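The structure appears right after this line, and notes come after that.
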Amino acid sequence: MSYDYHQSWSRDGGPRGSGQGSSGGGGGGSRGSGGGGGGRGGRGRHPAHLKGREIGLWYAKKQTQKNKEAERQERAVVHMDERREEQIVQLLNSVQAKTDKDSEAQISWFAPEDHGYGTEVSSEKKINSEKKLDNQEKKLLNQEKKTFRITDKSYIDRDSEYLLQENEPNLSLDQHLLEDLQRKKTDPRYIEMQRFRKKLPSYGMQKELVNLINNHQVTVISGETGCGKTTQVTQFILDNYIERGKGSACRIVCTQPRRISAISVAERVATERAESCGNGNSTGYQIRLQSRLPRKQGSILYCTTGIILQWLQSDSRLSSVSHIVLDEIHERNLQSDVLMTVIKDLLHFRSDLKVILMSATLNAEKFSEYFGNCPMIHIPGFTFPVVEYLLEDIIEKIRYVPDQKEHRSQFKRGFMQGHVNRQEKEEKEAIYKERWPAYIKELRTRYSASTVDVLQMMDDDKVDLNLIAALIRYIVLEEEDGAILVFLPGWDNISTLHDLLMSQVMFKSDKFLIIPLHSLMPTVNQTQVFKKTPPGVRKIVIATNIAETSITIDDVVYVIDGGKIKETHFDTQNNISTMSAEWVSKANAKQRKGRAGRVQPGHCYHLYNGLRASLLDDYQLPEILRTPLEELCLQIKILRLGGIAYFLSRLMDPPSNEAVVLSIKHLMELSALDKQEELTPLGVHLARLPVEPHIGKMILFGALFCCLDPVLTIAASLSFKDPFVIPLGKEKIADARRKELAKETRSDHLTVVNAFEGWEEAKRRGFRYEKDYCWEYFLSSNTLQMLHNMKGQFAEHLLGAGFVSSRSPKDPKANINSDNEKIIKAVICAGLYPKVAKIRLNLGKKRKMVKVHTKSDGLVSIHPKSVNVEQTDFHYNWLIYHLKMRTSSIYLYDCTEVSPYCLLFFGGDISIQKDKDQEIIAVDEWIVFQSPERIAHLVKGLRKELDSLLQEKIESPHPVDWDDTKSRDCAVLSAILDLIKTQEKATPRNLPPRSQDGYYS
């Protein structure tokens, strides 16, 4: 098949011999449907025979048809000028001739001043498709070797450095370690720390703990917060090995659920051992892109759970590790649940491996059962008594009367928070409704009538911030000194409570230090949490659940438990994430209570009634049951853990079959898995990258299209967090600064790129400039530095896989197109598709605004923090977004305006259709553009060549040589990039193409 230009183009507008274009979903529909009808209806009026509701339905139908026609007329026009059209025809004919004849095309099209696309197609041999199919399994195995050629190069995965060190027994080292420990015992610093350690409940159980661990392969240790299990158990094991003359054989790795925990615990243990952390001493830590490694043997390493999962790719048996301690497993995060199952399998091959599971008290038995009823041991906690108060106690104590506007929610949601359909929640809601009258009746025997009346009046489905403010005021005026810790579900509650307190003259004085604690807050503010206040100053910390386990604030005496916690769930039926404030679990409530009473007797105020307390879940739902599974599915395949569904079925709490099937379907649509659920070459690359699959695909395309540096900035931000902070009281200024950084890009992603590049420039000029820049634009320098480190890690992965030739994200060869905003947007589209939304201008009476729709959800909203939230002057009708989440509404997070060519070349399947008088080209049947049919066929042909080229690049990665103008790679990519770059800013709306040969330019 050849592509003919103008003179020999076939009558139907398509390539010669192509036949008539298909006429699918854009079909015209019947003429006059919904028109005036019969009878005396006319001039747009309804037919006379219609009555009542029928009239309303008639007008609604007519308005729908009117809207559809308006939308049809607003379709953007896909166009190209005659010169580009002729060049693309020649390019496609030449490539087609190369395929048909398997010989080199001698046509020369390249002329730099004429936008030509190469001179000839190179004579590289193509892989025979039949041979590829026959050798698919062998090819995938070879592909894995090609994809991760790190050990053959100078690149070493720094996060795996500790694992890859040898761990052979060494008698002379054993003796040295013993002598070193004996010397320590005479060190005044060590002796001083021993006095503290001996006060911990765990210290008195040292022999019992060590004997149990030495005599069993798996041990479960439970213990209250503050008992010393995290800091002491690892030291007991190490010292026991050293004292028995086996120190070199001991290599302990202890997982932590959070980065901050891994660092702070490692530093604490090092201090107790009279050492510095890392630097070849006995204790160190490893988190992503940051480490202080201990000595090779006779050591303790604290690390995040993800580090061990990463190690398993290099050494599936963790050969150099003697003890694995899985800490805080009661939190049930996704990674720790998966690691438990992997370790359970590993025990069959590593009979010498010791596994210690450490959990809160309440559910230790469940972990023991999962590991074949292994032995358990409990370490008692050490806290002062804490008095607990329920909502009715608080109302009675402070004589609280709510605003008259507050009314009970009439059980409109009860336990069914958000939009998550959980049967057990519905059952508890029914029980709550049933028991409520009897509970109120019983309360009247113990509390004043006014208290019970207030309790009935309140909408306890909401967090009553006025009540919390009144309670804080009561504590300050009536109770003894001591810090106050308030638990709230999210940023909006924290911000509002802060404003409520600061609106009162009393709290504006220097007698109070009010500290909001949230991931959006500047880090410098959060460090104040740990500092003791001067005499006469009361600390008030307003925090999310980060303060439950991740950090310890020693001087807290009063805890106010708001009773709610923000949880993300994944709705498999509607394929959408939801975030809502759920009731806390009993385990959460216990942890919160435990934050008081660390230094003296404490008080804990729970903002829910006794009936609610009795029906709380024992624990939060494990993360694996409320999150998308795509990234995990790729990990299962790259670690060779067997079939995805089979492996997941063996977890402690397996996810639903619907969630597993949906994730596998998404990965197949992304071409990461084939029909046999095996990794494709693209899937191998995506599994190796430490990001979710869509972001991984964006990274690969950033390398292929040579706009690496900005794309890595975007990828790092999406997989970690953006660098913006929101100081309380300055939200509007922060929004304005963010829009200033957007620079008319209509893109949250490019706003982050601009912020990052500005920071790099300021940093080059010196520390003062960097500090001023971050202050002016409300940026976190710590987060920006983390993004910088992550970009380096991504670039090293790409180097190891062969996609780039340098480990520097700023390598000039990998950034030829980094200054072109439109190409970067195309790469964003390539990664995030099919997360597409349609923009429709809505000319209201008061002001111009836009409405945004997605294919599956209908009307949605752009998130208020987006630079596009108030934008009305879009160049195109389409947005690509990173995340869609339902809270109070369905919001799109991190969105970018994209052009028609971005969607045509990097979207889904293309079809060419007719819609009444319009010739159209559609992507996945719903993203529709006007286009002369011959132009549509050229675009489709060019897209086919791009798909073929990308497949070859993924199967055999190597950088594009843009200097080799004879190559097919360079010719095809140059043609596509040229069309994207020259796409007009605005496409005329409400106008059909001028003629078959006409163009909008």
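Every residue, even glycine, has its Cβ placed from backbone N, Cα and C.
Values in this document were obtained by computation on a predicted structure and should not be read as measured data.
From the options 199-202, 327-330, 719-722, the stretch Swiss-Prot describes as motif 'DEAH box' is 327-330. Note: the region 'Required for G4-DNA- and G4-RNA-binding' (46-98) comprises 38 helix, 1 strand, 14 coil (DSSP; helix = H, G, I, strand = E, B). Between the recorded positions Glu328, His330, Lys940, Ser956, the minimum number of other C-beta atoms within 10 Å of a residue's C-beta occurs at Ser956. In this structure, the CA atom of Glu328 (Mg(2+) binding site) is 53 Å away from the CA atom of Lys940 (N6-acetyllysine).
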